[in-house]
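Engineer: Take a look at this one; I'll ask things after.
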Amino acid sequence: MRRSATTATALLLGAATLASAQTYQRLGACPKLGCVFPPDQTEFLAGQLFDIRLEVHAPVNGSEATNGVPDEKFTFCIQNGKGPCEDANKFFKAKEPTLEKWTFQYYEDLFARDAKTPTVVNVAAKAYRALSLSQPGTYAAKLTYNGGGQTVANWVVRKPATHRKAKNVLFFIGDGMTQAMITAARLIAHKSINGKYQSLMQMDQMDNLGHQMTHSIDSFITDSANSATALYTGKKSTVNALGVYVDSSKTPFDDPKVETIAELFRRRIGGALGIVSTAYIADATPAGLCSHTRDRGQYASIVTEYLYNATFLNSTFAWPTSCQGPDVIFGGGAEQFIAGKGSPNGTDFYKAFQAQGYNVIHNNTELQAAGTKDKTLGIFSVSNMAKWIDRNVMRDNLKGMKDSPTGDGTDATDQPGLKEMTIKAIDILQARQKKGKGEGWFMMSEAASIDKMMHVLDYDRALGDLLELDDTIRASIDHLKKIGEYKNTLIVVTADHGHGFDVFGGADTKYLAAQSTDRKKRDAVGVYANSGLSGYTTSPGSLPNNQTGPNFPVQWNPRYTYAAGFGANPDHRETYAINTKGPRVPATAGTDGTYGVNPADNQAGFTVEGTLPTDESQGVHSLTDVSVFANGPGAEAFKGVYNSIDIFFKIADALALGRTDGH
């Protein structure tokens, strides 16, 4: 039956919106048929650049079905405080954006997915690029469509700090690191006598402690991309998104962007910028400082944006801010630089960096010998860098990997650690800041494989990398004191999200391996009084009150270990003993494509049933709040419990990056 115009309008205005608490959503942060990005509840730093995306949706079928024709004559205005709502073109002194149209599909729920009946949505859209709001206060962004329907996004521009407290910022991220992991790391690395630790972790000794909430804009479990976006821009976003809000268009490079802390630091202050990670350098946490895409997997484009800017990737709009080629980039990920399918346009991207004046290095020997005058690109392996345990304890695991960053097929056996990379980066940044002008520097240093090893349930390697992070913090503080910059430097340590890991007892690994049934093997776990003491801080064959190491375990493979579990995992086997042959692969795919116990992993262990969908091969992130530690000028602001977006504002205030002058 053909609907009348009046009936169609009524249906458009009154269409019931789907609940946001569901597996799938039409578009995150857009519960109505009119979408405004940045969405409701967004907060801005004064003068921070951002894009606006407007969309009007017309579902063709499904529970929100309309006539399938999106309103192309929608209007958009901005209300400052209690003033009038002024047409956005006039308010921002901007040209009328081009009308765009496209179609997308999504599943309303799992039943629709199983039935393969997607909902089709037609879209009319516009985008404003590189805008800013300089005056603190409240704003209402109002999209009117479908003959009177309205979506209102209430925005707040925070009052900026007027005095710069910190000259430098050293921002440490322990990817996936929770307080439970810090506690476990302390247990295995620091000796306790009659319940009293004889030494403490460096994080234990920081001056200020807070906790931040990690959830994302449209789901309560985050990933490392949109959590990086929250930390670096002060804006919640969607899983996989870097420096953007996710729209419904096809391209991953036209989504509405937000200026990052690194871009602001470059644009406002012009200081030196460093990015250090034990991951591949195009991974989400390092990439989030300089990249703008809804798809974190656009690795070649991400390394391109390090060197150039977002406009280089999509010339249809200007983005007048960038990282301007960071002074230091250290990490793994040679596959994005060696000429081949992973590099930009298949080119040798090392040469592109060299053409821009970079010193390119490939191993720890070259790192130690490198000067501090030039911008420096250090790529030390293919993919992620080697884990602390394998670099320092089980070095034979580095052999046969064929992961040399030069692409010559040899092994990357001379890799630096996080500490070596961070200390060298400090020296380069210190040398490259303009002398006498006080620009200072900003560095992010990430211990990436805390997360990567927790995903594969390799707890020992995760804790080894956590202890390496703690050792790096300690060494960095000492180095900053040595060069006279400690009092000028805000040091912030946090995580981007958590995992459901915790220690619940001890385990006798020798007894466990000797048993023949799963149920009997579980008798090897000791709880409460039988959990015992740490065997990691004693030398083999000695009693638990004997000997300790310098902030790391004396031994990694004691008979009596901690017993830990994970809240969200695939089917796997557990022995509670370290995997001596390299990182774990707990689950593998069967002939039906689903994941089950890897028959080659932990063969002496007992089976632990999974708690995840059978298409998941690894553990996943959790909802837990994560700790924040801070020292230095502006550090007092990091006390308390707050949202992850607040870390951006706290760092920006310490650097006085907000501006009310419109520049």
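The first residue you see is number 1, and the count goes up from there.
Every residue gets a Cβ built from N, Cα and C, even glycine.
Caution: TrEMBL annotation is automatic and unverified by curators.
Feature table excerpt (TrEMBL):
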| type | residues | note |
| --- | --- | --- |
| SIGNAL | 1-21 | signal peptide |
| BINDING | ASP175, ASP283, THR285, GLU446 | Mg(2+) binding site |
| ACT_SITE | SER224 | active site, phosphoserine intermediate |
| BINDING | ASP451, HIS455, ASP496, HIS497, HIS621 | Zn(2+) binding site |
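I'd like to know what surrounds each of these features in this structure.
Structural biologist: Counting every protein chain shown, the number of other Cβ atoms lying within 10 Å of the Cβ of ASP175 (Mg(2+) binding site) is 28.
Counting only residues at least six positions away in the same chain, the Cβ atoms of ASP175, GLY176, ASP283, ALA284, THR285, ARG296, ASP451, ASP496, HIS497 sit under 8 Å from the Cβ of SER224 (active site, phosphoserine intermediate).
Close to HIS455 (Zn(2+) binding site) in the fold, though at least 6 residues off in sequence, lie GLY176, HIS499, GLN618, GLY619, VAL620, each with a CB less than 8 Å from its CB.
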Engineer: Among the binding-site residues HIS497, HIS621, which residue has the fewest other Cβ atoms within 10 Å of its own Cβ?
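Structural biologist: Fewest other Cβ atoms within 10 Å, among the binding-site residues HIS497, HIS621, is found for HIS621.
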Engineer: Quick check: in three-state DSSP terms, what is SER224 (active site, phosphoserine intermediate)?
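Structural biologist: Where SER224 (active site, phosphoserine intermediate) sits, the three-state DSSP reduction gives helix.
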Engineer: How many whole Å apart are the CA atoms of HIS621 (Zn(2+) binding site) and GLU446 (Mg(2+) binding site)?
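Structural biologist: HIS621 (Zn(2+) binding site) and GLU446 (Mg(2+) binding site) have their Cα atoms 17 Å apart.
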Engineer: Three-state secondary structure of ASP451 (Zn(2+) binding site) from DSSP?
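Structural biologist: It is helical.
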Engineer: Where does THR285 (Mg(2+) binding site) sit in the DSSP three-state scheme?
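Structural biologist: For THR285 (Mg(2+) binding site) - judged by DSSP and reduced to three states - the answer is helix.
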Engineer: Name the secondary structure element type, per DSSP in three states, that contains HIS497 (Zn(2+) binding site).
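Structural biologist: Assignment for HIS497 (Zn(2+) binding site) reads coil.
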